[in-house]
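Take a look at the structure set out below.
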Amino acid sequence: MLMIARKGPSTGIREGHDAIYTTGPESGIVSGMHRLISIVLILTLLNPLLMPLAVSDELPTLGGSGLLAEQQEEEIGQRVLVQLRRNAPLLSDPVLTEYLENTLYQIIPHAPMEDRSISIVAIDDPSLNAFAVPGNVVGVHAGLFLSAQSEHEFAAVMAHEIAHLSQRHYARRLEQQERSTPLTIAGILAGIILTAATGSQAGIATIAGTQALAIDTMLRHSRAHEQEADRLGLELLAEAGYDPAGMPAMFERMLRQARLQGNRPPEYLSTHPLTESRVSDTRARVKDYRDQESYGEDLAYHLVRNRLRVRYTNDLGNAEGLFRQQFEKSEGQARAAARYGLAYTLIEAGRPDEAIPHLEALLADNEGYIIYAAELGRALRESGDHRKAITLLEKHLERNPGNLTLSRTLADTHMEANDPDRAARLYERIAQEYGDDPTLWKDLAEAHGRAGNVIEVHRARGERSLLLGDPRVAVREFRQALDRAGSSHTRIEVLRERLEEANRRLSRLGDRRPRAGNG
């Protein structure tokens with residue numbers, strides 16, 4: 001599960017920038033689309049009694065005050081995050097986390113936004129989709145990496161979504177919708193979550209009556225909004241150093257995919273209507289931004305993309321064969337990207353010993369790519385050489401303090417080496433930057449549990465419960481931690497502050513009836 005909300009970019013998966021030749025589509029690796037949301041999620045979303053952040057059972061109708069207030073946008077964003085954490089298939093991968101952060105925080109400084117803090121979620125789904133909702137929440141289906149053949153095409157979708165947020169298109173659509181069919185916050189959340197996780201057509205079909213039509217109308221961007229987002233998105237791409245031509249190229253790719261899929265087009269198009277005229281318009285406007293120098297390709301994008309291609313393959317043997325062929329026939333950085341894909345495939349196939357020489361060669365050629373060191377550490381760990389893995393990872397973490405990928409890999413290695421104390425210390429440091437990841441708090445609780453730190457187990461469970469929108473469980477966990485805190489003044493003060501926060505959130509629920517929790 002990946003969930004981040006940060007003020008600036010991470011240290012990245014590399015120390016420098018490199019170019020790579022763009023490879024073509026590899027349809028033999030990617031599996032077909034699948035649906036991962038069940039009817040249980042739908043019922044959870046539509047039943048106010050089961051919505052953890054509902055202010056009361058009688059959710060108010062929005063409207064009457066012009067554009068959606070910033071406070072309401074923030075509330076919707078927080079509720080969306082909670083529901084995604086609880087119900088959607090989120091992808092926890094530090095390499096992906098850092099790449100998404102770096103991409104967005106190259107674009108965001110150029111956007112006309114007052115609040116530039118962004119919460120990013122990665123959906124574990126190979127379909128082509130991305131979304132942005134009030135409260136500055138940006139979501140990306142992993143399948144976007146599979147469809148976009150270059151970093152410029154990928155960044156084009158990100159810039160388009162940031163443009164929607166900066167222009168407050170959601171709030172403007174909501175104001176228009178209120179004139180015909182008022183919506184409750186519960187209905188809005190239902191539409192957002194279902195669209196984020198499954199695409200609007202699959203989700204909207206489950207919502208009965210006029211609310212379904214209202215939500216469907218609300219979620220669809222108008223053509224005017226799409227054009228506005230296209231034009232601003234092109235500006236953002238150019239100012240961030242990406243090739244603006246990536247936008248019409250990605251649009252053309254979507255249209256081709258839509259034609260091939262017939263009545264099952266990419267989910268992204270269900271809320272972002274795409275026409276030939278939009279493609280033509282963006283293609284013509286590219287001339288206004290593009291300079292004469294050629295735009296390179298970032299190797300990091302293709303490393304992340306190959307990583308995900310392996311994740312969604314139905315046949316690791318086929319993936320190994322394709323990467324091996326590309327590695328043997330390619331040169332330069334295209335060869336490096338293929339070699340990394342091959343090594344990653346070998347690890348996933350349970351053959352880390354065969355992956356180690358490839359990763360050692362990659363790291364020898366370019367020590368600036370942190371991803372090589374982290375993957376080599378993982379391969380050494382999987383092969384049983386914990387000591388060598390730890391030495392390597394500590395060396396590179398010393399050179400790149402605070403790097404998420406190295407820190408996570410090292411902490412996981414300490415756990416496998418039966419050293420939960422060191423693992424817990426690393427997880428704690430990671431939590432200072434990435435404290436909104438429930439998976440991290442779960443791992444931290446496990447590390448403290450294996451180390452016998454009962455107080456910290458309860459604290460970690462409490463933090464996780466808050467992220468999952470379950471303050472009742474959080475209150476219980478923080479109280480249990482306080483009961484065992486002894487005379488440590490600092491620890492008591494921290495736990496009291498967290499308990500007060502949990503109680504504040506519980507009081508906002510307006511429902512104090514006992515229910516099961518996720519602690």
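Yeah, the Cβs are placed from backbone N, Cα and C, and that goes for glycine too.
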From GLU101, GLU114, GLU226, the one annotated by TrEMBL with HIS160, HIS164 for Zn(2+): GLU226
Distance [Cα-Cα, Å, rounded] between HIS160 (Zn(2+) binding site) and ASP230 (active site, proton donor): 6
Lowest local Cβ density (other Cβ within 10 Å) among binding-site residues: HIS160, HIS164: HIS164
Surrounding CB atoms that lie within 10 Å of the CB of GLU161 (active site), all protein chains: 23
Local Cβ density at GLU226 (Zn(2+) binding site) - other Cβ atoms counted within 10 Å: 22
ASP230 (active site, proton donor): tally of other CB atoms within 10 A of its CB: 23
Counts of helix, strand and coil residues, the repeat 'TPR' (370-403), according to DSSP: 27 helix, 0 strand, 7 coil
